[in-house]
Amino acid sequence: MSWGTELWDQFDNLEKHTQWGIEFAEKYTKFVKERSEIEINYAKQIRNLSKKYQPKKNSREEEESKYTFCRAFLVTLNELNDYAGQHEVIAENLTSQIITELARYLQELKTERKSHFHDGRKAQQQIESSWKQLESCKRRFERDCKEADRAQQYFEKMDADINVTKADVEKARQQAQMRHQMASDSKSDYSAYLQKFNQEQNEHYYTVIPNIFQKLQDMEEKRIERLGVCMKTFADVDRQVLPIVGKCLDGMTKAAESIEPKTDSNQVVESYKSGFEAPGDVEFEDYGQAMKRTVSETSLSNSREGKDKSTSKSKGKLWPFIKNKNKSPKQHKEPLSHRLNDFMTSKPKMLRTLRRGLSLKLITLNSHIRSLFEGSGPEDFSHLPPEQRRKKLQGKIDELNKDIQKEMDQRDALTKMKDVYIKNPQMGDPTSVDPRLTEIGQTIEKLQSEVQKFEGWLAEVEERMPSKSDTHRRSGLYETQNSTAVSNNCAQNRESPDGSYTEEQNSETQVKATINPPTTSTPDIDDEFDDEETLPTIGTCKALYPFEGHNEGTIAVAEGELLFVIEEDKGDGWTRVRRSEDDEGYVPTSYIEVILETNAKGAMTYI
């Protein structure tokens, strides 16, 4: 249906309708603009939320990154940040593809509509002007006809009157003829203009107005079509980012699925394991009469042997948090020298127990201080428990080795550059590289000295720590003679030169630092553990290179020799192997190819 033929008389209504269509397009543009602002604000809030919960740059972040749920949460925050970016993309596309284009189109639409209605009004004015002229001709013709009738009646009256002169009659006759001629001329003009008006009116309503209305109809249809395209684009803008949004959501899901509760619970052990053993039973302290303390040392020792045997499966440690609220006032009156002398002569084990408790209290105090001032402490991490200190030292050594490798890579690159300059002098001066090479060499030496220093501390810590098999065999060792238990306690209750607690020792060879194999000799009192049970075999290995094994605790191997693995590498670069029942020791892990048994106790499967 055409507006020109069906709505030829609805010029004003079409003007109102097209104006309403433009206003609707402007309203839709405003709607899309507000939606774009919502997307921008939403993306901003999401980014701020993600930034707010990002881990801070401190030592706590390093600890949190060890847990799978913390890493999953960090991945979720990063994916959420990317998700916010997609909403920014939506806002940008809405602005560029709809708002800007629609605003420009509306300006063109307003101009076109104004032009069409200007032409319509002009045509309307022309037809109205022609109609007025026609009406004027019609009224003039009507007036002339009436005047001619009156002149004719006056002539006839004068002609019938016998008293009127012949001249007056002639005059009236001429006047009547003149009026008739004027009426005839008016009729001719009216007829001609009427014919002209009809032509103009026919052209107006069947040609001019239909053309103008057709242009308005085309304009309106284009506007509606443009709105449809914008609405489709509105949906497509969201649909375009759905794959990336889906990837963000998939990343969040994958991060959530990567959470391993068992791994995190084991990480708690790795993070807070002190390396100390739980305190054993507190032994009975006999504060009887003074004459009972004057009994010979032999009799006192003999009387305690039975008690030691009954409690040989546990060691006498004091809990660091236990306070004795029932102290006897007489204890403070007894001289301290008398008490220490009594402990040293008749009760050496009680003295060691007391020292162990004091050491644990000091360690507890250090732990509280460390929790208050995390990140501070001596360079050798001596304020930490043995296990945590070993991990910190090993991590520091790894960092230094990485720095050394970086410096060595730079040195190699500069050396190659210098060789190129030597072969092609036109490319540069070879001597210009020497200062930098010297500086890198000094840096490497400094870092290597730092590595040696930390390796020394690491060797000291690992020498004092018990091996993993000590805990499983400890109950059997305490069932030996009382003298062996006393000797073991003497070895257990040492203090390091810096006053920190030193864990139990045994004669089993300890794993040393990355460079130096275990060469430190243990005290003679630890030799009583030489008869411990043989370590089980956890795999086999093949020597890739010959190793002479000059240092104490190592074993010489030949290239291609097959050996049994009895203790895997603990991260220090040494593996404990056995050739025969009495021939075992450490070899560098890099010198052998290890094949661990999957069903061996405590063994890991290497692929």
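Cβ coordinates come from backbone N, Cα and C, glycine included.
Here the coiled coil (390-417) has long-range neighbours at 270, 275, 380-381, 384, 428, 433, 436-437, 440-441, 443-444, 447-448, 450-451, 454-455, 457-458, 461-462, 465, 514, 571-572, meaning same-chain residues at least 6 beyond its ends whose C-beta is under 8 angstroms from one of its own. If you look up TrEMBL, you'll see 390-417 marked as coiled coil.
Marked as compositional bias 'Basic and acidic residues' by TrEMBL: 463-473.
The compositional bias 'Polar residues' annotation in TrEMBL covers 478-494 (among others).
Residues annotated as compositional bias 'Polar residues' in TrEMBL: 502-523 (among others).
Taken from TrEMBL, the feature domain 'F-BAR' covers 1-264.
Taken from TrEMBL, the feature domain 'REM-1' applies to 383-460. Across the domain 'REM-1' (383-460), the prediction's mean pLDDT works out to 85.
Under the heading domain 'SH3', TrEMBL lists 536-597.
What TrEMBL lists as region 'Disordered' is 295-335 (among others).
If you look up TrEMBL, you'll see 463-530 (among others) marked as region 'Disordered'.
Mapped onto DSSP helix, strand and coil, the domain 'REM-1' (383-460) counts 72 helix, 0 strand, 6 coil.
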